[in-house]
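Lifted from TrEMBL, the feature list:
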{"type": "TRANSMEM", "residues": "A:6-25", "note": "transmembrane segment"}
{"type": "TRANSMEM", "residues": "A:46-69", "note": "transmembrane segment"}
{"type": "TRANSMEM", "residues": "A:75-95", "note": "transmembrane segment"}
{"type": "TRANSMEM", "residues": "A:116-133", "note": "transmembrane segment"}
{"type": "TRANSMEM", "residues": "A:153-170", "note": "transmembrane segment"}
{"type": "TRANSMEM", "residues": "A:182-205", "note": "transmembrane segment"}
{"type": "TRANSMEM", "residues": "A:282-303", "note": "transmembrane segment"}
{"type": "TRANSMEM", "residues": "A:380-408", "note": "transmembrane segment"}
{"type": "TRANSMEM", "residues": "A:428-446", "note": "transmembrane segment"}
{"type": "TRANSMEM", "residues": "A:452-477", "note": "transmembrane segment"}
{"type": "TRANSMEM", "residues": "A:484-502", "note": "transmembrane segment"}
{"type": "TRANSMEM", "residues": "A:522-547", "note": "transmembrane segment"}
Amino acid sequence: MDQQTLIYIVVGATFALYLGIAIYCKAGSTREFYVASKGVHPVANGMATAADWMSAASFISMAGLIAFLGYGGSVFLMGWTGGFVLLAMLLAPYLRKFGKFTVPEFLGDRYYSNTARVIGVICLILASLTYVIGQMTGTGVAFSRFLEVSYEMGLSIGMLIVFFYAVMGGMKGITYTQIAQYCVMITAYTVPAVFISLQMTGWALPQIGLGSTLTEHGTYVLDRLDQVLNELGFAEYVAVDEHNRINMFFYTLSLMIGTAGLPHVIIRFFTVPTVKAARSSAGWALVFIAILYTTAPTVGAMARLNLMETFGTTEATEMVYEERPQWVKNWEQTGLIEFTDKDNSGTINYSSNPEENEVTELNRDIIVLANPEIAMLPDWVIAIVAAGGLAAALSTAAGLLLAISSAVSHDLLKGVFKPDISEKSELMAGRISMAASIAVAGYLGFNPPGFAAGTVALAFGLAAASLFPALMFGIFYKKMNKEGAIAGMLAGLTVNLLYVFQHKGIMFVASTSFLGDLDPNWFFGISPNAFGAVGAIVNFIVAMVVCKMTPEPPENIQHIVDDVRVPVGSSLASGGH
Amino acid sequence: MAFQNETLKKQYWRDNLRIIGWLLAVWAFVSFGCGIIFAEALNAIHIGGYPLGFWFAQQGSIVTFVVLIFVYAKLMDRLDRKYGVQETEDAK
């Protein structure tokens, strides 16, 4: 059977599975649609959260980023996992105890204000929509690369699948599909990693393989990598860049706070039965995420080493272009890798010097996508990688779309405009806004705005600077009032947007950037991507100052806070409410 | 079930904050400390082929995060029982 047929069969089988789950998990009430009846087992929710969280970027791009950034790539590894510690200890159990359906709903109730709720909805929609564009383009790219259909066709198929299970099943359908998607994507990620680690070091566990010796040379993998990089004139892999330390600190912190504040992740913890389950479920989520995240550094380092040894590390071993391996030929066709024989020598010189370098295009996504071929793995592994990439993009897209549609139907429609809407109409409204969100996301996928690449950073910035501090104050500071919270959210949002826009251009149109995206103009050397943490600090300060100058929140609000702080019942036996 | 009096409620919350405080101190130490600030110094030490600072940044911190959350869940479970505010099986 040829490879293409195999890919069709594997991807087709996974899609059939998702559709089967959709039919089995139809949602019959708003409780099922928004929070899967709060009946999901903590381990199952952990798995669903892992799929919800790990996007096309985690699956396809992260190992490549690490491969080319080396130690610098650690910001993503620590940032995107460390946030779960914050989520588990500072937000998830308390918001679960609060027991409602959405994140803006907590803000509205806790700050006794529809304004706070609407600002919450705006931040949520901005963050989730920018995030979903990446998933949509990821779906289209994965389809077109593996299934040999056009980008538009691929995107349409992806949208149709999501439409089917998200509109019918809501959170219930999404949860069980995400569990299946997690299994597909983790298999797709670890199988090639285990093989490549075995081939190079003899160790099956990639996490150990990276720290051990190469069977061929007897030298440590990382030492060999540094040696080769040195020969070619690149920066060392494990070396710490001292000048970048402050930026790295803030970048990691921003990603952590942003991770904890992203609504599509938070709402996953509304689906478990108890507060206790919410706590352990966060741990399980991180276990499932860590399996991929601790494997990624191995994939990155080993694939980079493999790549460089294919191209040749010295003049004598340079790759003869006519004798290039089959996988290089395959990926040349996609344009992800390109050679220009500048000196007409017939050999390819890979060098850090741009004038001499003859590897003129080397897309970092190739590290994961071509990994099975570089390691010469059987065709079925390549088919699973295709299914895995699609699972990663679709699972995250569905989670984001649910966050958006529940904010529209539950917070805006029922919460603000039409409080007397019946349960049945709200469910219908939920389905309609889900369908509309898919349409909007699809439109953005077909016409990706020019600024799409920069926007994931913006999503984290928004979550970190506006949502996270307001949620934390709501739980940990009883005296925080609506004036403080609203002022804080707006201040965090504004500072973050201004900083990002002045360096990246207004709405990411580069020509409108009046400071330029150059290091000397960065505030204390903090890059725009890393500014979310600063926005969060501004939010905290503004909220505290405004809170001190305005009246305390009413008594009954302080009772709400008391209640969310304990797992059971009202906090006081004689509380009287 | 709930607290008998205001003092117990305050104590429960203070104990909770103490647990979070200690665990987040470890969280910051392994990631921002070992993984970033002291990474260069720690790189002088090797475990196998891993320079220690690099290991913390790409492996150790993540493993520690997982352990921290489960420790937190365990400690909070114990705290809930101590104060008699644990959820019963039917509390959904």
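Sequential numbering from 1, following the chain as shown.
Any Cβ shown, glycine's included, is placed from N, Cα and C.
Please treat TrEMBL annotations as automatic predictions, because they have not gone through curation.
The transmembrane segment (A:46-69) and the transmembrane segment (A:6-25) are not in contact, since fewer than 3 Cβ pairs between them lie under 8 Å (pairs 6 or more apart in sequence). Remote same-chain partners of the transmembrane segment (A:6-25), defined as residues 6 or more beyond its termini with a Cβ less than 8 Å from a stretch Cβ, comprise 146-147, 161, 164-165, 168-169, 172-173, 175-177, 180-181, 184, 379-380, 382-384, 386-387, 390-391, 394. Counting only same-chain residues 6+ beyond the ends of the transmembrane segment (A:484-502), those with a CB under 8 A from a CB of the stretch are 107, 110-111, 113, 115-116, 119-120, 123, 454, 457-458, 461-462, 464-467, 469-470, 473-474, 508, 512-515, 523, 528, 531-532, 534-536, 538-540, 542-547, 550. Tertiary neighbourhood of the transmembrane segment (A:282-303): same-chain residues 42-43, 45-47, 49-50, 53-54, 58-59, 62-67, 73, 77, 80-81, 84-85, 87-88, 92, 182, 185-186, 189-190, 192-193, 196-197, 200, 206-207, 209-210, 221-222, 225, 237, 268-269, 367-368, 371, 374, selected by CB-CB distance under 8 Å and a gap of 6+ residues from either end. Of the recorded ranges A:116-133, A:182-205, A:380-408, A:428-446, A:452-477, the transmembrane segment (A:75-95) has the largest number of C-beta contacts under 8 angstroms with A:452-477. Each of A:116-133, A:182-205, A:380-408, A:428-446, A:452-477 was scored by its Cβ pairs under 8 Å to the transmembrane segment (A:153-170), and the highest score goes to A:428-446. Only residues 6 or more beyond the boundaries of the transmembrane segment (A:182-205), in the same chain, are considered here, and those with a CB under 8 A from a CB of the stretch are 14, 47-48, 50-51, 54, 59, 212-216, 221, 288, 291-292, 295, 298-299, 302-303, 305-306, 368, 371-372, 374-375, 377, 381, 384-385, 387-389, 391-392, 395. Sequence-remote contacts of a segment are chain residues at least 6 beyond its ends whose Cβ falls under 8 Å from one of its Cβ atoms, and for the transmembrane segment (A:428-446) they are 30, 33-34, 129, 132-133, 135-137, 139-140, 152, 155-156, 159, 162-163, 166-168, 170, 397, 400-402, 404-406, 408-410, 413-414, 421.
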